[in-house]
Each structure stands twice: as structure tokens, then as C-alpha cells.
Amino acid sequence: RAVALILLLLCVSGMRAETALYSVPEEAETGSFVANIAKDLGLTGEELSARQARLVPEGEKQYLQLNQHTGDLVVREQMDREELCGQTEPCLVRFEVLLESPLQSFRAEVSLTDINDHAPVFLNKEIVLKIPESAVPEARFLLESAQDPDVGNNSLQHYNISSNDYFHIYTRRRSDGRRYAELVLDRALDREQQAEVAFSVTAVDGGSPPRSGTALIRVVVLDTNDNIPVFTRSLYKVRVLENSAEGAPVVVVSATDLDSGTNGEIAYSIVQNSEENLQTFKINPETGQIGLKKTVDYEETKTYEIDVQATDGGGLSAHCKVEVQVEDVNDNAPEVIITSFTSTVSEAAPPNTVVALFNVRDRDSGDNGRTSCELPGEQPFSITPLAADAYALVTSEALDREEVAEYNVTVRARDEGSPALSASKTLLVRLLDVNDNAPTFAQAVYTMVLSENEPAGTSLGRLSATDADAGKNAGVRYALEPPPPGAPAAASFVSVDTESGTVRALRPLDYEEVRAFEVAVRATDGGSPPLSAQAVLRVVVRDENDNAPVVLHPPPDSSAAAGELVPRWARAGYLVAKVVAVDADAGQNAWLSYELAKATEPGLFRVGLHSGEVRTARAVAERDAPRQRLVVLVRDRGQPPRSATATLGIALVDGFSDAHLRVSEEAPAAEPDGPLTLYLIVCLACVSALFLATAVAAVVRRARRSEAETLPTFPKAATESNAGSLPRSYVYDVCFAAGTVNSEFRFLRPLFPCLPAELPPGPGEQRSSVCSQDAANLGEEGD
């Protein structure tokens, strides 16, 4: 069972956390318990589940699993320490624990403890050593090392050899911690006595129980060669740049042998001490130049230790060490690893709102591994450091979706190498709309025209308001505002569609009743709370020709027989009457024209096209009938036009004096001046009555004074007449001039008494029509 070792207390402050270290054996079974994360975080299982805790591994593979309900960290997949870390110690599996609401990050590491799952192995099961018989006791001979991928106590610890008469083994330790073996000669060899010595060597690790590997050593005793090769240096230290090309030279080792001939010829070789060395380096056996078989990577191996052997032709050999230090070059660009990302952010989010969490990793070292982050371009975001390589992408200012709806935020990481390398990651951040914009009408005042009498449902036009927001916040609904108290209820005339803004008539309108009206319209969006704007809708009612002209004079109910009087000596242009008509419509629909539709004598009268005045077109002749009937057509200019007719009865009469005719001809056609003219008529009537009374009194007084004188004799016809006329000397004609305040009272020449139409005229007299009719005619002309 794994034992959780809390090496660092978690210090929760915002989104920062110290690193927690746990331990678990390698190759632990799936589901093996590692630690209780909830307990270490000071949270319960319910709180951990509520905050949606999850693990974010450093690499691509997920080896661990978190139970959100219990907070237990367990093994998800078996881990082989040697596969993951090789000889690196300690072997750490890093991950982060992310919590939401609020967003927090905690870093942790699980150390894989080695188990003794590998036994030491000799690459060659038979090791052949050639040792001259001249070798002196205590001479040492390097053996091929056994390989054990385990580390620590489980790695190779010591070597043993089987019992023999010549050698014992000595285990030594290298600077990197690895152990190797040397054979030590106990007593001199004698080729003549024994040409070959064989025994076994065993490599044993420190595991419990220990594991071991065995190989056979064959020592071939050579004939005497009394000089061995000697290296110029026992230790060569060199540096090589990582990523050097394959075949690049590393170093040249050199050894000399004082012997001559074949015993003085030296061959160089690399002694097998690790498989990695054999795969990485090669040596020229003649020149001793060591080169690269493949490129080296500082991030994988920083130091190599090579054992080089120089052997002469007689079989004598010497050894030296070559220590190769790999120098780092800036060959790894930084990596941007997103651990948490919120792709949508409200435009109302305050500054310093966390959008994403990310780590930056660079496998290089030193300046080449030091990184910095930046956001290229001008955007409302910034980067906040959290830990050594952890950062948060936050908002730096207020956002406005209506200006920019989404951002492509590029996070660029750059190292401090020379030349510097960089890497970028682009995040698409979309802004969520909030209702911060009120609708806007395209016009402050909408003017629409509606023809009168249009049926209910007629479309007048469409209101249009837009909202810069999006989605539901941009939906606009229209409504009519209620009128203020005392104002006409214009809402009863039109309606507006709440969705489309189409304005329709609710009922037919009459231009003569309503010519125009205004109503306030409000556009409201669908946000919460909703925002609104207001505009004015002005509806102008267009007049239609729906009213026919109405004749005011002559009255429609008057008899045509009781018409106008025209003297027979009237000249052309004599004003007979005036037709007065009105039209309730407006504009062109109310422009009236008059024309003579029918007449007893078509050529005798004419009608003014625009004035409606009926005048004689020629002088009245004796042959003209005494009774004339005219039909005047009154027509407006609407489309289609409407019309009305007026009927006039005209009587041609005799007995008008020239002065009477002149007064009739000169009478203006102007309309009365209202009350002033009425007052003048009343005053004139009073003066006339007073004058008549005075005249009658004077006549009576004169008659009394001259009783002896004979009274004047009147004509018989006049005496016998039932007309009730005054004597000739006391018949007067009263004339009024219409349209003037200066009415005249004229004493004209005496006229004959008004006689019945059936009586013949007396000698020297002219026939006259009834005086009352003549006076009526004069009164009408004056009016």
C-alpha cells in the first residue's frame, strides 16, 4: 500500500499553491491508493465533488485518477519507473489539481519508488581476457560491467567470482554511482603450467530478495610481452554540443608501447560499460579518434563516461577514461500547456477576470530554459504570473461586445537563449452579450399618409428600430404609448404590430373630421431589465373626393318659379344672380367650377366659370320668352369629379327706368358686409319711413288749405285699380348698393302706378310688372 508523504503544506491563496509530494511504488496495481487529496486540501468529499476537482497531467498520458466523491488519488495505469525515467532519480510524475468556483490550481508530484524488478545482466555471457604471463601479482584487469536498470539499493551492488587459484575480484564505484569490477591477480601466471584459467563472475543487486546475473570469464595466458601500452592521460575531459551532427569528432586518445613489432602495435577499443555508450560513440581502432554514432541530447543525458582500452600486438592493454560533458544549446522551444480555459466571457466581466490557466515548459537549461510570456497586439487581456512556470490569462479592462464580439488571443512564450526560441498558442474568446444598449429608431419622427375612408387593417408603413445587442437582448417589440390626459385617443385610430412594427388603421378616417394626429411609439428590447426608446408617429389623413358640392344659393328647396327679375332692356353682362356652392373636401377636391347645363334660351345667359355669376350673354330681345329656366352645373376637380345642380327661374320684365337699370348694372356682386350692412339697411328703412310720413303730412296739410281748389284727377285705371298704389307724384324707387356702407336713397322720376298685368296701359304709359316683384328683384341684387 502506497504511503502518502506530504512534504509541502498546500498554501491556497487565490490560484497559487506549493507543490505536494506523494510516493507510490512502480508497477503498482491499477486502483492502488496513493493519497487522499481532499484531506490534504482541507476539503470534504462533497466539497471536492461540488468544485469539480480534476487532474491535469504534465504529459500526454494519464497514470493517476482522482475519485471526486472520496478525494482518493489512485493508480489508473501501471507505471514502469525505468521506462519513464531511466536512471534519473528521483522519478517524478507531475500533475495539477484544478478546482472551480472559485478557480484554483494545486501542484503535486508522485515519486515512483523503485522495486527490484530487474536482475543484473552481462551483455556477453562469455568474457575473454588475455593476460601475459609476465603480469605481476596485484595487477588489475577491468571487467565488462553488468547492466541493471534499477536504481538505488535495487541497482547492481557488487561482483563475486567463483573460487580459483589466481584471481579475486574488487568492486569499485564510478562518479555517477555505477559499480564496476576489476580482477586482481593474486599470483603470477605460468603459461607453461596453465594456458587458460576459467571461472564465473556474478553481479548481485541490493534488492530484497537480491537478484543476480552470471557470466563466464576465460583468462588466456599470453606469452611474454614485457611492455604495456601507456596512455598520455589517464582521464580525458571533453565537451560536446548537443545536436552535433552524426560522425562529429569528440576527442582523440593516444597511447604508446615501447615494444617493437607486433607487440608495439596498438589497437584502440571502447570497453563495454553501458549499452548507451556503444550506441552513442565509436572509436577508430588505429587513430584512437572517438566520434559520434548519433546526436546527443542534453535533455536526455548530460554526461557520458567512456572506458577506452589500448591493446598492443602482444595482448597487453591499458585503459583510460574519457568524460564527455554535453553542453546545452537552445534547441527546444518553449511549450504553452493550457490547463484550464473558459471560451466565453460576459462583456460585463470586471477587470482581472480569469479566462485561462496555462503552464510554460522549456526542456533546455540555464538561460535557454528561462521563459517569459507576452500577448502581442493591443487587446483587453493581460498575463498574471502564478508560480515559476504557471500563469493566468485575465481581462485587463472593460469589454464591449458591440465593438468586438470575439478575440483571438495569442499567448507567446519566449526563452532567453541565443537565438531566442518562441512558441505561441491562440485562444478564441467569445464575449457573451448583456443588455447594455437601448433600441434606436431610424427616425425621430415617422410621417405616414392615410387616405380617408381606407378600410380597417390598411397598412400605413413600418417603424424600424435596431438594437446593437445580440440574441434576446436585440429583439425589439413595438407599442403605442397611451396619450396624456385630455389628448385625443389617437391609439383608437391606428395600431402597431409588436413584432414587425407595421402600422395599420383600426377604422376608416374622415378627412373632414381628422386631418392629422400624432402618437408616441415605444420600442422595447427583450433584455432583463428591458431598455426602450421612443419616437413620434405622425399620421396625415389625405383627402379623397367623397363630398359633392352643396348649393347654398339658390336654396335647393326654393321654387324655380320665384326666381330673378331681369328688365327687357338689360344689356349684355347684366348681373342676374349668383350661384353660391361649397365643398367639404379640401384642396383640388374643393375647387368648384360652374357651367350652364340647360337653359330655355341657350344663348341669352352665361355663367362665370369660377364665380358662379349668372349674367346676360347678350341684350334681352322682345322675342325672348318672359319666363326663363336655367340649370347650373356645379362640379369639383376631384378624381372622379362630383357635381350638383342649381335651378334658377328668371322673369323678363318691362317698366324699369334707366336709372334703375344703371343701378342694377352697377350693383357690385360682392357679398354683404355682415352686421354693418344690416345696420345700414335698418337705418335707411327708418329714414325712408320718416320721410314718407313727413310727405304724407305735408300733402294732407296742403289739401286742407286749398279746399276750394279742385282735387287732381287720376286716371281711371289707376283709381279703379286694386293694387293700392299711391298717386303718381308719390311713387318712389328705393335702390341699395350691395357691398358698400354708403347706401343711397334716390328720388327718381315718378313711375306709373303698378297695374295688374291684365290691364292695358294708359296713354303715354309703359307696361310694368308687379312692383313688389321688382322691389324683390332689386333687394336680391342689393344683397
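Cβ from N, Cα, C; glycine included.
In TrEMBL, annotation is done automatically, which means it is predicted and not curated.
The signal peptide annotation in TrEMBL covers 1-17.
Predicted-model confidence for the domain 'Cadherin' (16-122) is 83, expressed as mean pLDDT. Among the features that TrEMBL reports, domain 'Cadherin' is placed at 16-122 (among others).
The annotation domain 'Cadherin' is assigned in TrEMBL to 123-231 (among others).
Residues annotated as domain 'Cadherin' in TrEMBL: 232-336 (among others).
Here TrEMBL flags 337-441 (among others) as domain 'Cadherin'.
Broken down by DSSP into helix, strand and coil, the domain 'Cadherin' (442-551) contains 7 helix, 48 strand, 55 coil. Per TrEMBL, domain 'Cadherin' is recorded for 442-551 (among others).
The domain 'Cadherin' feature in TrEMBL is assigned to 566-670 (among others).
The annotation transmembrane segment is assigned in TrEMBL to 676-700.
Annotated region 'Disordered' per TrEMBL: 761-783, in sequence order.
For 766-775, the entry in TrEMBL reads compositional bias 'Polar residues'.
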Grouping DSSP H, G, I as helix and E, B as strand, the residues of the domain 'Cadherin' (232-336) number 10 helix, 47 strand, 48 coil
